[in-house]
Amino acid sequence: MLPRKRPRSGRSRLQFLLLFLTLGCVLMMVILLHPPPPTLHQAVTAQASKHSPDTGYRLDFGDSQEWVLEAETEGDEYSLLDGLPSFISLQEDQLLVAVASPRARRSQSQGRRQGSYQFIKHRSRRWDEEALEKDWRTEEDGEESEEVLTPLGPDSDGLNKPLSARLPLRRVLPEVRHPLCLQQHPTSGLPTASVILCFHDEAWPTLLRTVHSILDTAPRALLQEIILVDDLSQQELLKSALSEYVARLEAVKLLRSNRRLGTIGARMLGATRATGDVLVFMDAHCECHPGWLEPLLSRIADDRSRVVSPVIDVIDWKTLQYSASKLHRGTLDWKLDFRWKPLGEQEQKALPSPISPVRSPVVPREVVAVDRHYFQNTGAYDPLLSLGDSENLEMSFKAWLCGGSVEILPCSRVGHIYRSQDASSRPDPEVALKNKIIIAETWLSSFKETFYRHIPEAFTLSKVAKPDCTERLKLQRRLGCRTFHWFLANVYPELYPSDHRPRFSGKLHNTGFGLCADCQADGDILGCPMTLAPCSNNRQQQNLEHTGRKEILFGGPQRLCFDVRGGRVILQNCTEEGPAIHQQHWDFQEDGMIIHVLSGKCMEAGVQPSNKDLYLRQCDGKTSQLWRFDQIHPVDER
């Protein structure tokens, strides 16, 4: 039986070998007919080969430059750093992390300061190529960039994402600089720059277009790094895919926070990791014009206390068309809202050259450059400010009042996508109002009362939860900062023309009764008779101003002035011109009497217990005709 089984066993082995070879051949045919898609490494390498190193971006296939800032407690709440020392006090080995964890706090209590910070570097994960192909394109054909793209409506964040996804990541912008700018040759020895881009769920193509625009237009010798700060984005594409993409771009680093910091906190985080001489804070939906960086660095190299910004051109959110802006200055109003103001014809003629730097009261928040050490030594951003609103006002006031200056440079141009007004990602109104209160309490000195008069709800909120600005006021004294009246007199006098500035302000006290002028009406106060009431710091209605125009302004959102009807003092709309203007003129005498200029009579409080209204009477100097304001403003403060 054994001789019969052996041939059967040999045939079985031969059949198995033939079957194995057949399967191998089938597999090879399948691979040849259906090759796998190129890897990310191959795709990016092929893309890079289309561009020269001088004009394009270079790639580095080393380790991913990604840092994750970790805290044990997770959450989407906005939070600045508990226990994190002020930026000015950080040492080089402490500029690592922006979110402190409970474990770190326990370490700090043991006496080692560095233990308050965790710094974790993660290897990047494999990216999602299907999502990548779905949400962005990398066409770089110049002709395709001229294709007419159909505008669509805005997404929830106010951007036309479908149109943006169809637009090439790299496109040539129209030349909008003045011809003299093209004759400028950057000098050698300019400082290096760290460009900090903070984002939260930014559209993928918009973010990458900003990154490549910087890489393509900034000289490599001057660009120290681009630091991307992910402020807890939730989009999947901004996680693993972005990590892999950034890993292959030279001089681009990615920082992630696992707690929502807001724009101010995220910019602070990027600043702590930056190594360039100059910090350039830029929104993550910009495109840079060639030659945008050199003028910024040149002006800062000449004076490290300068805070500078490019001309901000407009990229339409509907069509993504790039439009040049005329020369503007950044200004503000008494509600502490930022305003663009066109440079007038006379102001342009006063410039030494069409490309001369423009002094600006306020720097725009879209793109701003500042020397890194100057930023540190002047306290960086105010840690009390939340999210991202009004930080440009704080930086501008600090620069002007503490020995620096603010400029907009015509030869530096950067386009910015201004989101649709229907965007749902605006800052919380109450948070924005709190930021304004902090700035008013910190920088406006006595002029904060004017701010509160324009926003009564801010006055009410400040009484409920007044911010503790002690540390910032100490910083002002340490830096030897000027007061806000210097800003009004020397930087932006248009905000407060001399004849509108108060000679006296605050509560108007009647010497005879020890009470204050007030309006007791509810609702509409137009025509309200003025009366006496117990003095209170919590009543905005008692905050008055006597101006250089001899008006007595009422402390409310409306511009109302003391007027006279039938011998009684009432509130009426302030008159700017015409004969009726004299009806609202009051002369405040040194002896305390307030004389109505048109009639020559004095303002007097009623002496009856049931009637404390204000009337006009013949001047006789009795105590019911004597008044005083809380504050007197010398001429040099007006």
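Including glycine, each Cβ sits where the backbone N, Cα and C put it.
Per Swiss-Prot, substrate binding site is recorded for Asp231, Arg260, Arg419. The feature Mn(2+) binding site is assigned by Swiss-Prot to Asp283, His285, His416, with similarity to another entry given as support. Among the features that Swiss-Prot reports, N-linked glycosylation site is placed at Asn573, with the record citing sequence analysis. Residues or ranges marked as region 'Disordered' in Swiss-Prot: 134-157. Under the heading region 'Catalytic subdomain A', Swiss-Prot lists 190-299. Residues annotated as topological domain 'Cytoplasmic' in Swiss-Prot: 1-12. Residues or ranges marked as transmembrane segment by Swiss-Prot on the basis of sequence analysis: 13-35.
Overlay of Swiss-Prot annotations on the structure.
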residue	record	Cβ contacts under 8 Å, 6 or more apart
Asp231	substrate binding site	Cys198, Phe199, His200, Ser257, Arg260, Leu261, Gly262, Thr263, Gly265, Ala266
Asp283	Mn(2+) binding site	Leu197, Thr210, Arg365, Glu366, Val367, His416
Asn573	N-linked glycosylation site	Leu526, Gln558, Arg559, Leu560, Cys561
Confidence summary for the topological domain 'Cytoplasmic' (1-12), mean pLDDT rounded: 52
Maximal Cα-Cα distance (Å) across residues annotated as binding substrate, namely Asp231, Arg260, Arg419: 21
For His285 (Mn(2+) binding site), the number of other Cβ atoms found within 10 Å of its own Cβ: 25
Composition by DSSP (helix, strand, coil) of residues within the region 'Catalytic subdomain A' (190-299): 44 helix, 33 strand, 33 coil
Inter-residue Cα distance where the pair is Arg419 (substrate binding site) and His285 (Mn(2+) binding site), in Å: 9
